[in-house]
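As annotated in TrEMBL:
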type	residues	note
DOMAIN	12-98	domain 'Acylphosphatase-like'
ACT_SITE	ARG27	active site
ACT_SITE	ASN45	active site
Amino acid sequence: MQDPNSASHIETVHVTVSGTVQGVGYRHATVRRAHLLGATGWVQNLPDGTVEAMVQGTPDQVDHMLEWLRRGPPGADVKELTTRREYTDKRYIRFEQL
């Protein structure tokens, strides 16, 4: 049986979130959610008012993170979420706010 945490089972997705996503605790809540799910990567505000994230984990972890990112924390109003799958050998060891 193959290890479910092997490299072939790890997905990496670049995410951009627009709407009311700055000044509402979106990044902090994203870090907390990632820690609960065991996902790794990072999240940061961009100067144009969007939030950018890199989410890495098992397909299930990534799916749950994307589902949460579409809603965000109370006070957020997500208008659009764009994703792009990344093909990389880089492995993040934690999820952090940049």
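Any Cβ shown, glycine's included, is placed from N, Cα and C.
Since this is a predicted model, take the numbers as computed values, not measurements.
Looking at the shown structure, what environment does each listed feature sit in?
Taking a C-beta cut-off of under 8 Å and a sequence gap of six or more, ARG27 (active site) has these contacts in its own chain: VAL43, GLN44, ASN45, VAL51, GLN97.
For the recorded site, ASN45 (active site), the DSSP three-state label reads strand.
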Do you know the mean pLDDT across the domain 'Acylphosphatase-like' (12-98)?
97
Which residue counts does DSSP give the domain 'Acylphosphatase-like' (12-98) for helix, strand and coil?
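Result for the domain 'Acylphosphatase-like' (12-98), in helix, strand, coil order: 25 helix, 35 strand, 27 coil.
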Around ASN45 (active site), how many other CB atoms lie within 10 A of its CB?
16
